[in-house]
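Below is one structure, written out as structure tokens; comments come after it.
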Amino acid sequence: MMAKILMVIAALLALQLATSRVVWASDPSPLQDFCVADNSSKVFVNGFVCKSMDDVKAEDFFTYGLDKPGNTINKLGSNVRAVNVNTIPGLNTLGISMARIDFAPRGLNPPHTHPRATEILTVLEGELYVGFVTSNIGQTNRLFTKILKKGDVFVFPQGLVHFQFNRGHTRATAIAALSSQNPGTLTIANAVFGSKPSISDEVLAKAFQVDRKIVDRLQAQFWMDNNN
């Protein structure tokens, strides 16, 4: 009997430890009504230092302009306007942010990840081909895709590589909500071929099983794109 009780206690402790780790890995939780980010503070913390309650204004919870289309005249034909804690200081510790994404015809929001957030996307206009890739599951990376039309919603799990592509001949617009005040974005191509300093061309050539000259050309192209 005592052994069973100890097993139950051990299981409960393991569950508590697991859930505690999940909490530690998320955005800081609010311990008061709000914690408006003090962007002038020089103190480095996980998140932002709280502004004094006496200095908080309505503007700390406000931004504008999401009704206006973003400029999609670029090589990808897309524009992402993020609304996070850097835009609205009042989002600090609230664990949420959003973005407006505009697509020119054939525009692409390229494969990327949000290391700190799950994303839920709603199409407001046009049609999008979207998808995400799972982590290594028995040496297989599964691809889940869907064609989204106006009013459709799709979820991209936290940390997984995903993309959105306007394969139509008219503009498309979407709104994304993310489960972090500061989700972070890691664009795969930029990270792999445009890092500073560059990843060794020998490493990339072996990883992608291509000639090193191809890697050198890609790295040179990324360098020119980011320095013009």
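Each Cβ is built from the backbone N, Cα and C atoms, and glycine gets one as well.
Small disclaimer: the values here were computed from a predicted structure and weren't measured.
Among the features that TrEMBL reports, Mn(2+) binding site is placed at HIS112, HIS114, GLU119, HIS162. The disulfide bond annotation in TrEMBL covers CYS35-CYS50. Annotated domain 'Cupin type-1' per TrEMBL: 64-216, in sequence order. If you look up TrEMBL, you'll see 1-25 marked as signal peptide.
Here the features listed in TrEMBL are placed on the structure.
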{"residue": "CYS35", "record": "disulfide bond", "Cβ contacts under 8 Å, 6 or more apart": "GLY47, PHE48, CYS50, LYS51, ASN92, THR93"}
{"residue": "HIS112", "record": "Mn(2+) binding site", "Cβ contacts under 8 Å, 6 or more apart": "VAL161, HIS162, PHE163, THR185, LEU186, THR187, ILE188"}
{"residue": "HIS114", "record": "Mn(2+) binding site", "Cβ contacts under 8 Å, 6 or more apart": "PHE156, GLN158, GLY159, LEU178, SER180, PRO183, GLY184, THR185, LEU186"}
{"residue": "GLU119", "record": "Mn(2+) binding site", "Cβ contacts under 8 Å, 6 or more apart": "VAL155, PHE156, HIS162, ALA176, ALA177, LEU178, SER179, PRO183"}
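A simple way to gauge crowding: the CB of CYS50 (disulfide bond) has 20 other CB atoms within 10 angstroms, across all the protein chains here.
Sitting within 8 Å of the Cβ centre of HIS112, HIS114, GLU119, HIS162, and not among those site residues for Mn(2+), are the Cβ atoms of THR113, ALA117, PHE132, PHE156, LEU160, VAL161, PRO183, THR185. Taken as a whole, the domain 'Cupin type-1' (64-216) shows an average pLDDT of 96 in this prediction.
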